[in-house]
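Participant: What follows is a structure written as structure tokens; I'll ask about it next.
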Amino acid sequence: LLLLLEATLQRLASGSDHPFHNGFYYNHIMRDNSNEEEKVGYFDGDKLVVETPKDPIYSSSGANVTLPCRYHYEPDLEGKHKIRIKWSKLRDDYTKEQDVLVAIGKIYMAFGDFHGRAHLRQTDQREASLVISDVRLQDDGKYRCEVIDGLEDESDVVDLRLQGVVFPYQPPRGQYQLNFHEAERVCQEQGAILANFNQLFQAWTEGLDWCNAGWLADGTVQYPIRQPRKPCGGLHLAPGIRSYGPRHRHLHRFDAFCFSSALRGEVFYLDRPAGMTLEEAKQSCQDVGAEIAHVGQLYSAWKFLGLDRCNAGWLADGSIRYPIAKPRANCGPAEPGIRSFGFPSKGRFGVFCYKER
């Protein structure tokens, strides 16, 4: 029985169990034995309606979140139906949807990265809400709630957005050195992921102005401009997101726009009177039960915890940076932000460490 149920859930996830969407009516093919002609019968049915919130649902890394979804019939029916539910995640690059969870009654199966983290909330007969625990950066995006009743199949979409921070990233070897796959990797190395367009747009509305083009999660290359200027598309263009469109993921090279969310720990600063080399800095963090911080962790601490330190320190990628939440004299520009001294080959500085709570 368990093997049969698992096979049924897998078939539901693949979509083969419901080959078409028919809305209010469904088609029934009949063969008349007298003349062997095909006839199509149309049957009035009760309309299945699926409802999800129109506004985005906001959460953050490490939290638990519920994506609401409910369904009903028009006209309303009191009878109990054999309902099947499928949740899937829409991909940024519009390729095949990612299966999240399928359910028949109270039996469900979660897939991939959602295994052990996703389940249904069914407080009553007409609820099909998805609960995701321990939210990850990759969970940001649009989710489809699909309800199947026999041949009738209706769905609606929920937009889950993580509260976070977008930061541009260049590797030590300089500007425009990353193809798409390398950009994905360097963001992950910094405790982040490639940003999507919504995240970049939100960062632009909050003041991000960056004249170097970078990869986004859908394989496009874009950059945000608040102050139009000649080297950044020209003075004649209005402020906005400049786009190069989709680029070749192997051949073309740009910078990266990374996205990081809230931290589960803290970032703090250590120093010695004579400063430290990079290797000494890493060891100093280990000596206090921590690790040298990644760039994404520094940005998150600055954004969400108000980290403010007018002392330059090493980070894990070999860069020297410091966070300013309250601009002041001798601490860089007049705007809040992360100041960077690049990737020095030598020198002695403090260090930013990260420790899980």
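Heads up, the Cβ atoms here are built off N, Cα and C, so glycines get one too.
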Participant: In TrEMBL, Cys232 sits in a disulfide bond; tell me which of Cys211, Cys258 is on the other end.
Facilitator: Cys211
Participant: Identify which of Cys310, Cys353 is listed by TrEMBL as the disulfide partner of Cys331.
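Facilitator: Within the candidate set Cys310, Cys353, TrEMBL assigns the bond with Cys331 to Cys310.
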Participant: Can you give me the Cα-Cα distance between Cys232 (disulfide bond) and Cys310 (disulfide bond) in Å, rounded to a whole number?
Facilitator: 30
Participant: For Cys211 (disulfide bond), list the number of other Cβ atoms lying within 10 Å of its Cβ atom.
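Facilitator: Summing over all protein chains shown, Cys211 (disulfide bond) has 14 other Cβ atoms within 10 Å.
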